[in-house]
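**Student:** This is the structure I have questions about; it appears just below.
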Amino acid sequence: MARDPKHDILFEPIQIGPKTLRNRFYQVPHCIGAGSDKPGFQSAHRSVKAEGGWAALNTEYCSINPESDDTHRLSARIWDEGDVRNLKAMTDEVHKYGALAGVELWYGGAHAPNMESRATPRGPSQYASEFETLSYCKEMDLSDIAQVQQFYVDAAKRSRDAGFDIVYVYGAHSYLPLQFLNPYYNKRTDKYGGSLENRARFWLETLEKVKHAVGSDCAIATRFGVDTVYGPGQIEAEVDGQKFVEMADSLVDMWDITIGDIAEWGEDAGPSRFYQQGHTIPWVKLVKQVSKKPVLGVGRYTDPEKMIEIVTKGYADIIGCARPSIADPFLPQKVEQGRYDDIRVCIGCNVCISRWEIGGPPMICTQNATAGEEYRRGWHPEKFRQTKNKDSVLIVGAGPSGSEAARVLMESGYTVHLTDTAEKIGGHLNQVAALPGLGEWSYHRDYRETQITKLLKKNKESQLALGQKPMTADDVLQYGADKVIIATGARWNTDGTNCLTHDPIPGADASLPDQLTPEQVMDGKKKIGKRVVILNADTYFMAPSLAEKLATAGHEVTIVSGVHLANYMHFTLEYPNMMRRLHELHVEELGDHFCSRIEPGRMEIYNIWGDGSKRTYRGPGVSPRDANTSHRWIEFDSLVLVTGRHSECTLWNELKARESEWAENDIKGIYLIGDAEAPRLIADATFTGHRVAREIEEANPQIAIPYKRETIAWGTPHMPGGNFKIEYKV
């Protein structure tokens, strides 16, 4: 199928200095948890996107010196020849597919905690990081400035040696160049502080030095936070931003534009809960107005129509993407081939980002279960090993895990029967996507629905059976399938069982008229009173989402939370605006409080720290702490129990108890996946469905086969002349 001619503009080549982008699709620098220490992961993840048609692939932020060490998080590094060797694996693989490779040179100032190197970071002035804990920098004198600028030059030369085509001076997200430019950080009174011209001096000099060193071989880019979105007192696009672009335009070959700062970089990597694609256009277009160089901006671009609007209206020249490239590494190729309904659209949940925020474990993706698994498991997002046997597979449950398993199995040539009691695939995601701001999460369901519909046309023996009665163990055993996958999901606890006490709460019972589970709130069938209390022991989105839904509908909402409310939303960058939203709606929170018992219309709550700080051994059967005297009663008209989830695995348990009957019914194996195995993130539920489907022919698909680990082996020196002998300097 040919692409629509109006999209031809997206495939025009773009010249950036001495290099040429083959089209306008550009993967901006983004973290994956590979850095320089996992070259297989780094090269495989970036190169599969090069295969998918992206014009350029960048590393994550890449440290130029041990003074810029982001441990506990995992960045790339280009400190020495060992890093050059490891990163060259990426550039070599990317070049095989005709794409350019870029590196983002990073010096963090006080935002680099240096937990591994224990070096002292330097900055324009001495300040404490608002992002890191107990991290201060040394104010740079003139010799410090010259030395750090040389760090950039040396790193740029190593980058060229590693095969990189594009070299960034990273000045977004409150890192060193922007710290000099921003009066929020820069309190200097010498030639590097005060006026805009002085505050810009460090950045301009650094660009000039890097360009002189490698500019004939590499395109020079800078990532610029054109507006910190705090208003006066920091960087504003039409006050300082545009003027700086005019100052630096001759020194760069391409502008990569962001907004926001390090403390709230979710203003740039906007979650779909709060921001639609293209949300940064009002700022990016201001740069395009004054620059003579190619300009790119990000905005979770997934729709080709939005992409051509950006180019034809002159907002930007290049479509910058991070999250959309993770969700679908073959997005450019699918647009080029006119396969628009095959695009795996990023849902904007920011679970990919959460892994970096947590500290750098391998990146995952809710939409694309192969993300991060390209090297270690050998998974390709568009290629599947074709089965040589004729096994049929019954999948009970068409939620995120079951529908993903069905898709992968059908792609691999199996006959699949996917069944569910609901009228639509998606499982609990159908309710979740109806919560405020989460509509785009339904793209997860839509992609699988579209692909399964297509695959059913190819394999006439496969079936999708929705709106069915619940299957019993007898139904499964007598169905006639060779293999069975149970994907019956999870539900919220009706009795208040929670992570704090691991027991039900006396009086908790969602069958009562004044108590509800989240599912009951979302399905809207049960009457909800004016005064609502949400009892929370969940650390993700459910309690604040229900609070927003109910408060918007006119209810008076109080959240009683025994855990840090919405803690995981810190990692997905949703937390600041979620808290602002609850404040706007006058939602009250009683943090560090939980419930001891419930009676009609009221609940007894207590401060979880109310048992005192002193501990004394008092013998068996007696608490070593004092009695908690903080108990008090609060009233409600309706109580929502957001205390925990449990797997709906009754069918699995019944089948497992009758395992001796499997063989006599010609069943080779029955497997449990997704939330039915254990409640988890949608991304992880999707992954388990994908994994079991990929490994369905293994001896026991329930247990994952070992993946390739990238480790430093004893006796393999990382640096030239290095060794792994234990030697003490005495």
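Just so it is clear, glycine is given a Cβ too, placed from its N, Cα and C backbone atoms.
The shown structure was predicted, so the numbers you read here are calculated from the model rather than taken from an experiment.
Under the heading FMN binding site, Swiss-Prot lists PRO29, CYS31, TYR61, GLU104, ARG223, ASP268, ARG300, ALA322, ARG323. Annotation source Swiss-Prot lists S-6-FMN cysteine at CYS31. Annotation source Swiss-Prot lists substrate binding site at TYR170, GLY171, ALA172, HIS173. Per Swiss-Prot, the feature active site, proton donor maps to TYR175. The [4Fe-4S] cluster binding site annotation in Swiss-Prot covers CYS346, CYS349, CYS352, CYS365 and is backed by a large-scale study or a structure entry. Here Swiss-Prot flags SER401, ASP420, THR421, HIS428, MET471, ASP675 as ADP binding site, drawing on a large-scale study or a structure entry.
Each of the listed features needs to be described in terms of its position in the shown structure.
**Tutor:** Taking the Cβ of PRO29 (FMN binding site) as reference, residues of its chain lying under 8 Å away and at least six apart in sequence are, in sequence order, ASN58, THR59, GLU60, TYR61, GLY102, GLU104, TYR168, TYR170, ARG223, ALA322.
For CYS31 (S-6-FMN cysteine), the count of additional Cβ atoms within 10 Å of its Cβ stands at 22 [all protein chains shown].
Sequence-distant neighbours of GLY171 (substrate binding site): residues of the same chain at least 6 apart with a C-beta under 8 Å from its C-beta are PRO177, LEU178, LEU181, TRP203, THR222, ARG223, PHE224, GLY225. DSSP gives GLY171 (substrate binding site) a strand state.
Secondary structure at CYS349 ([4Fe-4S] cluster binding site), taken from DSSP and collapsed to helix, strand or coil, is coil. Neighbour count (other Cβ atoms within 10 Å of the Cβ, all protein chains): 26 for CYS349 ([4Fe-4S] cluster binding site).
Other C-beta atoms found within 10 angstroms of the C-beta of ASP675 (ADP binding site) number 29, with every protein chain shown included.
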**Student:** Using Cβ-Cβ distances, find the residues under 8 Å from CYS346 ([4Fe-4S] cluster binding site) that belong to the same chain and are at least 6 apart in sequence, listing them in sequence order.
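**Tutor:** Residues satisfying the criterion: ARG300, THR302, ARG323, PRO324, ILE326, ALA327, ASP328, GLN367, TYR443.
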**Student:** Sort out the sequence-distant neighbours of CYS365 ([4Fe-4S] cluster binding site) for me: same chain, 6+ apart, CB within less than 8 Å of its CB, listed by position.
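**Tutor:** Same-chain residues close to CYS365 ([4Fe-4S] cluster binding site) (Cβ under 8 Å, separated by 6 or more) are ILE326, ALA327, VAL351, CYS352, ALA371, GLY372, ALA683.
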**Student:** Among the binding-site residues listed here (ALA172, ASP420, THR421), which has the Cα closest to the Cα of CYS31 (S-6-FMN cysteine)?
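**Tutor:** Ranked by Cα distance from CYS31 (S-6-FMN cysteine), first place goes to ALA172.
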**Student:** Just jot down the residues in the same chain as HIS428 (ADP binding site), at least 6 apart in sequence, with C-beta under 8 A of its C-beta; none if empty.
**Tutor:** GLY399, GLY489, ALA490, GLU519, ASP675
**Student:** Any idea what DSSP makes of CYS31 (S-6-FMN cysteine), helix, strand or coil?
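**Tutor:** Assignment for CYS31 (S-6-FMN cysteine) reads coil.
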